[in-house]
Amino acid sequence: MYVVELNHPAYRGRVGAMYNTLWFSGAIVAAGSARAGLNTGGDYSWRLITWLQALCSGLIMITSLFLPESPRWLYVHNKLEAAKSVLTRYHGNGNPDSPWVKLQLSEYEEALNMDGADKRWWDYRVLFRDRAAVYRLCCNLAVSIFGQWAGNAVLSYFLGAVLDTAGYTGAIEQANITLINYCQQFALAILGACLVDRLGRRPLLIFSFAACTVVWLGMTIASSEFAKSYVGDDSKGDPIYTNQAASKAALALVFIFGAVFSFGITPLQALYPVEVLSFEMRAKGMAFSNLAVNAAGLLNQFAWPVAMDKIAWKTYIIFTIWDLVQVVLIYIYLPETKGRTLEELDEIFAAQNPVKASTLKKVLAVHKDGGVVNLEKV
């Protein structure tokens, strides 16, 4: 929420999308230290990971003291000069008469409620007060939940079980695959974040979830064929499979899933839910988003391990069907937020058809002296 609010409107998409991709930097460090611990052995195998976690948390705690406050928060708390100062420094290159500064202050005046529900911690009525508010909240929750139920949790938290179904059972072998997968996901997530303003939010979400559907269909076929090739156990009690082509195909699909999910969904998991909420709704709406993410995580943590144990590769059929459902819902209901200021989105969600309204282009009209006239449809 903070990243999106503080961003310059021209770069909000890319910078906001980049935020969530940095999750992989921590995942790579964690996977790398865990892989190193396999060779180290002893207490240092877990102490190394703990030390790195403490180091990163400490750096965040120290550097957060130097971060500026959100200009929207300053404005609604009657700190108008402070809000203008932040906008001037970070959005106007030090020029208080910058069109960007004037535009945002003008939008704040029109859109921000100086005595809104965000001032009352107990007042959640703003989330349900009209059709537009409910629509916003539904879009927020949809992306929050969809991002957890695409099947990515199984390939993150229970990748070992997935690799077992494909015949890759060694601890070091699985650790190497995990580390390599995180590295390629990081690269694809950065690429997707850089293209989020060029391609748009809707196309990225639709493409990625559609691709996830195809990948899970492939995983279902490959894993089922691999399971059919079981011929018994060796002298050590380990299962023997003869279809190595299916095993390699399943492994390749693990990497492909990581690529398509990271390219379109990872950058938007943190960006889109914030963009669709008005300022007055934002803090409480994101609390609902976090609640939805954690509720979805309960299913990921407790249901999928049981499913993988009981029905193995047949679990992938569930992901195939559900990802297809998500594609349809995104296409029908989720509006585009590319190229809009956060305040402009108020008009889109107030429209009879927000998805259609979100496709209309706008042009910023500015006087020759730098003053903002209005935003016109083209």
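For all residues, glycine too, the Cβ spot is worked out from N, Cα and C.
Remember, TrEMBL labels are computer predictions, not curated facts.
As given in TrEMBL:
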{"type": "DOMAIN", "residues": "1-338", "note": "domain 'Major facilitator superfamily (MFS) profile'"}
{"type": "TRANSMEM", "residues": "21-38", "note": "transmembrane segment"}
{"type": "TRANSMEM", "residues": "44-67", "note": "transmembrane segment"}
{"type": "TRANSMEM", "residues": "134-159", "note": "transmembrane segment"}
{"type": "TRANSMEM", "residues": "179-196", "note": "transmembrane segment"}
{"type": "TRANSMEM", "residues": "203-222", "note": "transmembrane segment"}
{"type": "TRANSMEM", "residues": "249-274", "note": "transmembrane segment"}
{"type": "TRANSMEM", "residues": "286-304", "note": "transmembrane segment"}
{"type": "TRANSMEM", "residues": "316-334", "note": "transmembrane segment"}
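Averaged over the domain 'Major facilitator superfamily (MFS) profile' (1-338), the predicted model has a pLDDT of 90. Beyond the transmembrane segment (203-222), the same-chain residues lying 6 or more positions past its ends with a Cβ under 8 Å from any Cβ of the stretch are 143, 146, 150-151, 166, 192, 195-196, 246-247, 249-250, 253-254, 256-257, 260-261, 263-265, 267-268, 272, 313-314, 316-317, 319-320, 323-324, 326-327, 330-331, 334. Between the transmembrane segment (179-196) and the transmembrane segment (21-38), three or more CB pairs separated by 6 or more residues in sequence fall under 8 Å, so the two stretches touch. With Cβ pairs under 8 Å as the measure, the transmembrane segment (286-304) is packed most heavily against 134-159, out of 21-38, 44-67, 134-159, 249-274, 316-334. Away from its own ends, the transmembrane segment (21-38) comes close to residues 44-46, 48-49, 52, 56, 171-172, 175-176, 178-179, 182-183, 185-186, 189-190, 192-193, 262, 266-267 of its chain (Cβ-Cβ under 8 Å, at least six residues beyond either end).
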